[in-house]
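Q: Below is the structure I would like to discuss, written out as structure tokens.
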Amino acid sequence: MYEEMDKLIEKASILIEALPYIQKLYGKTVVIKYGGNAMINDKLKNWVMEDITLLKYIGVNPIVVHGGGPEINSVLKKLNVESQFVNGLRVTDMQTMEVAQMVLVGKTNKELVSMLNQKGGKAIGICGIDGNLIQARKHYEIVNGEKVDLGYVGEVVSINAKVLEMLAKDEYIPVVAPIGVGEDGTSYNINADTVAAEIAKAIKAEKLMFMTDVEGLKYDKNSSEIISAISADEVLKMIDEGKIDGGMIPKVLGCIDALKHGVNRTHILDGRIPHCILLEIFTDKGIGTMIHL
């Protein structure tokens with residue numbers, strides 16, 4: 001009996017620990033970039049959907065931006081189309097663009113919306129074409145001082161914040177696929193990390209969170225010690241020193257850009273940890289790395 005009572009008291013203490021964070025975030029908007037292993041592993045996917053739904057029920061307004069690289073790769077492989085990347089960006093010809101749009105908008109987006117709705121949320125799936133949400137233009141990557149044409153790869157020109165605010169501040173959970181639209185109606189494939197940061201900037205989100213397949217930032221990659229909090233200046237220094245590289249660079253640069261444009265806090269989370277979103281937001285210690293100015 002006493003053992004059972006201790007467990008109940010422990011649960012109550014967890015709720016009490018979360019109370020000040022719930023009060024602080026009530027009515028605020030949190031942008032979550034959902035990607036990595038948490039999109040592939042069914043158990044992790046289920047926990048993420050539970051976290052996002054719970055946020056909405058306690059008065060926080062989550063906006064989800066998702067990737068879909070592995071699924072795009074899978075479809076392209078079946079079509080015998082070889083994927084090419086330049087500085088981590090997918091070279092996107094017309095066929096690849098059609099596949100990316102089909103997978104991101106027609107499959108991945110709708111699966112996430114369905115899962116959130118099954119959890120009791122009211123999710124709405126949209127992409128940058130809807131309501132001119134993401135106005136984009138063609139992106140050229142600079143390689144060795146030369147401009148490289150990546151095809152239908154875009155960069156964000158502007159975000160129609162009104163669309164997202166209207167949904168998020170009501171009872172809905174917007175789920176955004178990173179497809180943008182040009183002035184002439186051309187669709188563009190845009191890096192999902194960049195889209196998440198641009199959305200967070202446009203709506204002045206309270207938090208921007210990137211789910212990744214790493215524990216967090218480290219001064220030494222061989223160390224088990226995670227940096228719990230770090231300044232933007234320190235992050236830039238780590239990039240210069242080669243301690244941050246690859247796919248982590250657009251994430252941390254997105255964090256810094258968002259902070260400079262009014263986002264209060266940014267986070268790099270290990271999406272492989274069950275309920276990582278709740279653990280970061282509603283516990284004293286948190287997990288992962290918080291980046292601040």
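Placement of Cβ uses the backbone N, Cα and C atoms for every residue, glycine included.
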Q: Suppose a student reads Swiss-Prot and sees Gly68, Gly69, Asn189 listed for substrate. Which of Arg90, Arg137 should they find annotated at that same site?
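A: Substrate site check in Swiss-Prot: besides Gly68, Gly69, Asn189, the record includes Arg90 out of Arg90, Arg137.
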Q: Taking the centroid of the Cβ atoms of Gly68, Gly69, Arg90, Asn189 (substrate site), which other same-chain residues have Cβ within 8 Å of it?
A: Gly67, Ile72, Thr92, Ala100, Val103, Leu104, Pro178, Ala192
Q: By CA distance, which of the recorded positions (Lys33, Gly68, Gly69, Arg90) lies nearest to Lys251 (site 'Transition state stabilizer')?
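A: It is Lys33, whose Cα lies nearest.
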Q: How many Å separate the Cα atoms of Lys33 (site 'Transition state stabilizer') and Gly68 (substrate binding site)?
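A: Computed Cα spacing between Lys33 (site 'Transition state stabilizer') and Gly68 (substrate binding site) is 11 Å.
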Q: I'd like the Cβ neighbour count for Gly69 (substrate binding site), meaning other Cβ atoms within 10 Å of its Cβ, all protein chains included.
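A: Other Cβ atoms within 10 Å of Gly69 (substrate binding site): 18.
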